[in-house]
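Undergrad: The structure is given below, and queries will be raised subsequently.
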Amino acid sequence: MTMQVVFWQQMTVELDMTYDELNAGVSFNVVGLAMGCFCIIPFTKKYGRRSTYIFSTAVMAATSWWSSRMRTVPEMYLTNLLFGLAGSTNETIAEITIADLFFVHQRGLANGFYITSVMIGNFLAPTLAGVQAASMGWRWAYYTVGIILTILFLLFIFFFEETKYVPVSVGVSTAGDPDLQETQNKLRKTKSNGTASHPANNRQLPEKYKDQDIERIGPQIPLPNKYRQRMRFSTPTEESLLSSCVAPFKMALFPHVVFSAIQCANAVAFLVLLTSINSIVFAAAPYNFSTAGVGLMLIGPFIGNMIGSAYGGIFGDWIVVRLARKNRGIFEPEMRLYVLFIPALLMGIGVVIFGITADRGMHWVYPSIGGALFAFGMSSMMDVSFTIVIDTYKATTAESFVFITFIRNAATIGVPFGVVPWLNSMSLTNISIICGCVATTICFLFIPLLIWGRDIRVALHARYDKLVAETESVGVSERT
C-alpha cells in the first residue's frame, strides 16, 4: 500500500491516472485488508498456520508480478484489492504465531520485532523502491518485490513448520489424520514399555495424587516428528468454522480488545494520511522532489519506528517483570500500560510538527523529525496494545485480531478519498493541528483501562470462558 504511493508521480504520467484515482486505489487496498481476515482466519484456526502463510504469500507474489505489467485503472484497483485480501492475514496470523510460541514476559519483545518488520515494509521498502523507480522505473520495483515474495513463498514451503499445537491423548480417536495417529501409536508403545506408573510407585506422592495413573517421562519419550509431519500442509482440528466466523464480532464486548482496535485504527489512519500527503506535498513546489526524494522522506519515520518498537517491546517486558515482583509475583496485563504516557504524547506532536513545517516549506529535516516522532508513538502504542490483548485473552487471539484488523481498516477506508479535497479546502497546518489533537486524545484512552482494566476482566470472566468453550476444539489447551 505505501510502496505504490511513492510511484504516483511516475504513474500519473505513464498511465494517465489522476491523484483521485490513485487515492481510490488505496481505498480498495484497505477494503481488502478489512475483509480478508473474515474469509481466511477461520480456516487458519481450524487447519493450521502453515497453509495460511503459504497461500497468502503465493497470492502476494502473483499480484506483484501482475502489478509490474498493469496498464489500466481497473487493473490498479483489482491488484490493490488482492494485495489487501492477501496481506490482511499478516497482522492476525503473526499475533497467533506469537501466542503459540512465546510466554508472557517474551511477547512484548516478539511484538516489537513484528511491528519493526511491518514498518520496514511501510517505510524502508518504499524508500528503496523510490530510489529504484527513479533510476529504473516503477515497474522494476514491482519486479523486485515479485522476486522477493517468490523466494519467500519457496522458503515457507520447504522450511516453515506448523506452530499450531495439538496434544494427542492415548485413547482419543485420530482416525482423520494419519500423522496424528502415528504419534498416538508412539504414545501407546511408550506406555506399554512401562512408563505408566502402578499404585506401588505412588506411595511417595501427595494424598490427592495417589489414586491417579501417573505418566512418568523417561528415556522412552517418543521421537520428534519427521520432516514430512512437520511440513504437512494442514493440521485440522475440531473447531466450527461458523463459530470462528461469528466469534470476532463477539470480541466487541471486551474493552481490552476494543481499546487495541481503536489504537490500531488511530495509528493506521494517520499513517495512511501522512503517506498520502507526503507523496503530494513533496513532489510539488517548493520541494519538487523526485520519486527517490519522496521515498527518502520515509527514513525519518522508519528510525522513529525502530526506537518505538524497542521502547514498547523491550522496556514493556522489563517493566511488567519489575511490577509483577512488587505485586507479590502476580502479573496483571494492565501493567504494560504504564509505558504509554510518552508515546501517547509524542504521536500527536509528531503529526503537528510534520504538517506545520511541510506547509511552510521548511527544510526537509523538520518534517522528517515530525514523522519520526509520530512513528515512535505509533509503534509503541501498537506494540503494547497488541501484547495486552494476547496477555488478557490468549485463547481467542485469532478472533480478537480479526476484529482488530476489521476495525482498523474500516476506519481507514475513507481517508484516501478525503486527502485531496481536504488539502484543497484547508491548509496543511490546520489539518495537522486537528489531526494531532485527535490522535493525542485517542492515545490517552489507555488511562481508563489502566484504572479499571482489572475490574473489567473480572466482571467479564464468565463471558470469556463461555466464548472459549464455543470456539476451542476438544482437548486443546493453551500455554500461558
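Even glycines carry a Cβ here, placed using N, Cα and C.
Here's the feature list from TrEMBL:
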type     : residues : note
DOMAIN   : 1-480    : domain 'Major facilitator superfamily (MFS) profile'
TRANSMEM : 24-44    : transmembrane segment
TRANSMEM : 111-134  : transmembrane segment
TRANSMEM : 140-160  : transmembrane segment
REGION   : 188-209  : region 'Disordered'
COMPBIAS : 192-204  : compositional bias 'Polar residues'
TRANSMEM : 257-285  : transmembrane segment
TRANSMEM : 291-316  : transmembrane segment
TRANSMEM : 337-358  : transmembrane segment
TRANSMEM : 364-389  : transmembrane segment
TRANSMEM : 401-419  : transmembrane segment
TRANSMEM : 431-453  : transmembrane segment
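Could you place the listed features in the three-dimensional structure?
TA: Same-chain residues lying 6+ beyond the ends of the transmembrane segment (257-285) with a Cβ under 8 Å from its Cβ atoms: 1-2, 5-6, 8-9, 19, 23, 26, 30, 122, 126, 251, 293-294, 297-298, 301, 347, 351, 354-355, 358, 364, 371, 374, 378, 381-382, 385-386, 388-389, 393, 400, 403-405, 407-412, 415-416, 419-420, 423, 428, 435, 438-439, 442-443, 445-446, 449.
Residues 267, 270, 274, 277, 281-282, 304, 308, 311-312, 315-316, 319, 323, 366-367, 369-378, 380-381, 384, 388, 428-429, 431-433, 435-440, 443-444, 446, 449-450, 453 of the same chain, all 6+ positions outside the transmembrane segment (337-358), place their C-beta atoms under 8 angstroms from a C-beta of that stretch.
If one looks beyond the transmembrane segment (364-389) by at least 6 residues along the same chain, the residues whose Cβ comes under 8 Å of a Cβ in the stretch are 95, 107-108, 111-112, 114-116, 119, 123, 256-257, 259-260, 263-264, 266-267, 270-271, 274, 278, 282, 287, 297-305, 307-309, 311-313, 316, 333-334, 336-337, 339-340, 342-358, 397, 400-401, 404, 443, 446.
Through the fold, the transmembrane segment (431-453) approaches residues 255-256, 259, 262-263, 266, 270, 273, 332-334, 337-338, 340, 343-345, 347-352, 354-356, 359, 377, 381, 385, 422-423 of its own chain, all at least 6 residues removed from its boundaries and within a Cβ separation under 8 Å.
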Undergrad: Among 24-44, 111-134, 140-160, which stretch has the most Cβ pairs under 8 Å to the transmembrane segment (401-419)?
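TA: Looking at each of 24-44, 111-134, 140-160 in turn, the most contacts to the transmembrane segment (401-419) are made by 24-44.
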Undergrad: Considering pairs 6 or more residues apart, do the transmembrane segment (291-316) and the transmembrane segment (24-44) have at least three CB pairs under 8 Å?
TA: no
Undergrad: Mind checking which residues reach the transmembrane segment (111-134)? Cβ under 8 Å, same chain, six or more beyond either end.
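TA: Contacts of the transmembrane segment (111-134) (Cβ under 8 Å, skipping residues fewer than 6 from its ends): 2-3, 5-7, 10, 90-91, 94-95, 98, 140-141, 144-145, 271, 275, 290-296, 298-299, 301-302, 305-306, 308-310, 312-314, 316, 375, 379, 382-383, 386-387, 390.
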Undergrad: Compute the average pLDDT of the predicted model within the domain 'Major facilitator superfamily (MFS) profile' (1-480).
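TA: Across the domain 'Major facilitator superfamily (MFS) profile' (1-480), the average pLDDT comes out at 85.
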